[in-house]
Amino acid sequence: MATRNPPPQDYESDDDSYEVLDLTEYARRHQWWNRVFGHSSGPMVEKYSVATQIVMGGVTGWCAGFLFQKVGKLAATAVGGGFLLLQIASHSGYVQIDWKRVEKDVNKAKRQIKKRANKAAPEINNLIEEATEFIKQNIVISSGFVGGFLLGLAS
């Protein structure tokens with residue numbers, strides 16, 4: 001038994017309208033934590049007392065500062081040791097540095113960085129605005145984090 005297919009419908013019509021969405025404005029209006037955690041998350045720390053917020057920020061800041069200090073010491077030791085070995089090798093005659101070539105390469109790198117910095121400025125400004133807004137909305141826990149971070153660096 002043969003079935004009869006209906007004629008194809010014309011889906012394009014004059015009354016179809018589409019809304020144009022500007023993604024840059026959308027991104028500015030919607031905070032990054034809403035995109036990651038959903039709209040119901042919000043700043044959860046506002047539910048806690050000021051003392052609890054300061055303690056939470058202080059403890060997380062201290063942990064971050066302590067880890068930053070340990071990793072920073074290791075990185076500084078590695079970089080400093082590398083420079084020391086390079087200096088010894090240069091003084092002993094194993095390595096000769098072509099300073100004109102180094103200067104040329106550094107100037108080339110500076111030009112490339114300036115070009116890239118001019119292109120990335122809007123994205124960086126948007127990120128800075130979001131971070132500033134986050135800090136303003138959560139000033140208590142942010143100040144606790146900064147204090148804890150500095151204590152973690154000192155310990």
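Yeah, the Cβs are placed from backbone N, Cα and C, and that goes for glycine too.
Note that the structure is a prediction, hence the values are computed from the model and not measured.
Per Swiss-Prot, the topological domain holding G72 carries a different name from the one holding I128, which places them across the membrane from each other. Given the ranges 18-21, 62-65, 74-77, the record in Swiss-Prot names 18-21 as motif 'YXXL'. When you go through K104, K115, K119 in Swiss-Prot, the residue listed as ubiquitin cross-link is K119. For the pair Y18 (phosphotyrosine) and K119 (ubiquitin cross-link), the C-alpha distance works out to 31 angstrom.
Within the topological domain 'Cytoplasmic' (96-133), the DSSP-based counts of helix, strand and coil residues read 35 helix, 0 strand, 3 coil.
Note: the topological domain 'Mitochondrial intermembrane' (69-74) comprises 6 helix, 0 strand, 0 coil (DSSP; helix = H, G, I, strand = E, B). Restricting the average to the topological domain 'Cytoplasmic' (96-133) gives a pLDDT of 84. Rounded to the nearest whole angstrom, the C-alpha distance between K119 (ubiquitin cross-link) and S17 (phosphoserine) is 34. Summarising the environment of K119 (ubiquitin cross-link), the number of other Cβ atoms within 10 Å of its Cβ, over all protein chains shown, is 8.
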